[in-house]
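According to TrEMBL, the Zn(2+) binding site annotation covers Cys92, Cys95, Cys132, Cys135.
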Amino acid sequence: MTSDFEAQLRAVSLRVTRPRLAVLAALRDHPHVDTDRVIELVRAGQPTVSHQTVYDVLRALTDSGLVRRIQPAGATARYESRVEDNHHHVVCRSCGAIADVDCTVGHAPCLTASDDHGFVVDEAEVVYWGTCPGCATTRMTSWPASSEGNK
Ligand SMILES: [Zn+2]
Ligand SMILES: [Zn+2]
């Protein structure tokens with residue numbers, strides 16, 4: 001189980017440590033969580049791990065490419081371990097929920113710039129914004145105020 005993570009760490013020349021393994025496991029089971037949630041998840045199994053250790057682990061894993069950091073405008077940074085493809089995210093404007101959206105054409109960059117200004121473009125960062133099913137349901141049942149007498 002953890003041997004996959006050990007192999008991943010070794011592949012990018014990172015030392016195998018328990019906090020690093022715990023962060024990778026947490027992100028596999030809980031994609032798109034922020035730093036506070038990662039700390040919570042890691043501490044559930046290793047109560048003595050410090051905040052600073054988790055920050056350091058996240059930075060090392062992100063720098064090495066094992067973890068992807070995403071930061072939708074106005075939201076806290078989230079982390080995920082699905083790094084092997086060019087997928088996008090759909091973000092709920094109400095509650096900040098995030099879900100994966102497969103790349104529109106299957107490879108980066110999936111959008112062609114109307115004018116690349118001579119740059120060699122290798123990635124297009126796409127974020128879809130909207131309302132998640134949970135928030136959409138809440139909105140529909142609480143609005144409009146029950147003028148139709150259904151309560
Ligand atoms: Zn929502
Ligand atoms: Zn994702």
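Cβ coordinates come from backbone N, Cα and C, glycine included.
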What are the sequence-distant neighbours of Cys95 (Zn(2+) binding site), meaning same chain, six or more residues apart, C-beta distance under 8 angstroms?
Cys132, Gly134, Cys135
State the count of C-beta atoms found within 10 angstroms of the C-beta of Cys92 (Zn(2+) binding site), not counting that atom itself.
18
Helix, strand or coil: which one is Cys132 (Zn(2+) binding site) in, per DSSP?
coil
Quick one: what's DSSP say for Cys92 (Zn(2+) binding site), helix, strand or coil?
strand
Ten-angstrom check, please: count other Cβ atoms within 10 Å of the Cβ of Cys132 (Zn(2+) binding site), all chains counted.
18
Starting from the Zn(2+) site formed by Cys92, Cys95, Cys132, Cys135, give every other residue of that chain whose CB sits within 8 Å of the mean position of their CB atoms, in sequence order.
Arg93, Ser94, Gly96, Ala97, Thr131, Pro133, Gly134, Ala136
Would you mind checking how many other C-beta atoms are within 10 angstroms of the C-beta on Cys135 (Zn(2+) binding site)?
16
